[in-house]
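Visitor: The domain 'Acyltransferase 3' annotation in TrEMBL covers 17-362. Among the features that TrEMBL reports, transmembrane segment is placed at 65-90, 111-129, 181-199, 211-229, 241-260, 267-285, 291-311, 318-339, 351-370.
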Amino acid sequence: MSNDNNSGMLSRIECQAMKGLAMLSIMLHNLCHLMPTGRGTNEFFYDSRCAGNLWDYLQHIDGNWFLVFGSFFGQFGVQVFLFLSAYGLVKKYEQGPGLGVGRREFVSEHYWKLFRLMIIGLVVAIFLGELMKRDGGWFLNNCLGMEGFKMHFMSRPEYWFPQVFMITNLLPYPDVNIWPGPYWFLGIMVQLYIVYRLFLHTSAAAPRWRGWLPVAVFLVVTLLPQYLVPHTGDAITYMRYNFLIAGVPFAAGLLAGRYVRGPVVTGKAALAAVFAVSTAAFVAMQFDFTLWLWCPLPFVAAVASAVRLCGERLMRPMVWVGAVSSCLFIVHPIVRIFFFTWDWLPASTHYLYLVLAVYAAVSILAAVGYRKLIAYLPSPKKVTQYR
């Protein structure tokens with residue numbers, strides 16, 4: 001397989017494939033955890049009972065294993081995106097065509113890029129939310145079968161209006177103020193773009209300490225507050241709905257982009273060993289709070305080694321999904337709205353897998369259409385045009 005970015009740890013194709021795999025992981029998690037087979041998971045807080053449930057299931061794995069593991073672990077695809085975002089920023093703005101881009105241009109271009117990506121999807125989600133509220137919930141109950149759906153903010157602009165500007169994360173109790181769900185991640189990316197450009201960005205002309213010391217400070221700033229508050233509750237949840245959740249993977253992406261030259265591991269046997277060890281370490285780290293904060297590292301390593309193990313032919317579908325991953329991120333929560341209820345499903349694993357397959361297929365097709373739709377929207381000025 002050709003490497004079109006020989007100076008780095010990952011090629012562009014490998015990064016795209018990792019994006020595709022991570023996006024599928026996120027998309028499947030966001031439905032799996034709502035299924036009857038869904039389990040509680042540690043994402044925005046750490047509850048030892050969730051770890052206990054995982055341990056119990058590992059001792060009694062059944063035919064629902066794909067659905068259960070999707071519920072337990074699928075959300076870690078977000079950590080892969082955070083790693084790749086940092087890695088890509090280094091390659092473009094410290095070593096590539098984005099050299100010399102000013103702070104204002106950088107933040108503005110990335111903000112409007114995210115806004116352009118999100119706005120049509122958000123309007124559709126708000127429209128569906130309003131439709132669900134009308135006629136005493138007739139549409140909710142008869143068309144979607146979503147009786148008891150509690151998203152109280154759908155008809156309250158003070159809740160969805162901040163999402164237009166991607167600042168929902170800053171509201172009190174962001175976990176109940178998000179619609180249609182995963183769009184909170186866009187707010188985190190806005191925060192990270194600002195933090196990166198103001199504090200973490202460096203250049204070849206800068207002192208060597210600029211490459212690692214701000215990253216070390218960033219790690220302390222993002223991890224220490226999580227150690228100092230209860231592992232469950234509103235405080236840590238609020239932190240992890242903001243950029244503090246990104247400390248480990250984002251720092252790792254920055255350091256990998258700056259200091260790792262060429263693939264770390266080559267050869268199928270070595271890659272298989274890395275995948276096995278990383279997967280085992282990732283699962284083992286779920287049972288301790290401190291280790292859990294660092295578990296994105298082996299997860300990213302497992303995904304990277306899995307992509308390399310696939311080879312060029314098997315990688316193509318993941319690369320294709322990676323190319324539409326941003327649009328898939330926007331549309332899959334909207335598609336998911338129609339799958340919130342399971343009352344109409346027979347109590348059979350086969351039907352749950354069928355629903356998951358239909359949900360994935362419809363989401364991917366919708367993402368392709370959405371990409372064509374937003375192509376008609378004005379694009380922000382490319383930062384590579386500056387200087």
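Just so it is clear, glycine is given a Cβ too, placed from its N, Cα and C backbone atoms.
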Visitor: Under 8 angstroms for C-beta pairs, at least 3 of them, ignoring pairs fewer than 6 apart in sequence. Is the transmembrane segment (241-260) in contact with the transmembrane segment (211-229) by that rule?
Guide: yes
Visitor: Report yes or no: does the transmembrane segment (291-311) come within contact of the transmembrane segment (111-129), defined as 3 or more CB pairs under 8 Å with a sequence separation of 6 or more?
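Guide: No, the transmembrane segment (291-311) does not contact the transmembrane segment (111-129).
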Visitor: Along the domain 'Acyltransferase 3' (17-362), what average pLDDT does this model show?
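Guide: Computed over the domain 'Acyltransferase 3' (17-362), the mean pLDDT is 89 on the 0 to 100 scale.
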Visitor: Quickly jot the same-chain residues contacting the transmembrane segment (181-199) by Cβ under 8 Å, restricted to those at least six beyond its ends, or write none.
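Guide: Here the qualifying positions are 26, 30, 78, 81-82, 85-86, 89, 103, 106-107, 110-111, 114, 117-118, 121-122, 163, 166-170, 174, 214, 217-218, 241-243, 245-246, 250, 329-330, 332-333, 336.
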Visitor: How about long-range neighbours of the transmembrane segment (351-370): same chain, 6 or more residues beyond its ends, C-beta under 8 Å?
Guide: 24, 27-28, 31-32, 35-37, 64, 66-67, 120-121, 321, 324, 327-328, 330-332, 334-336, 339, 342, 345
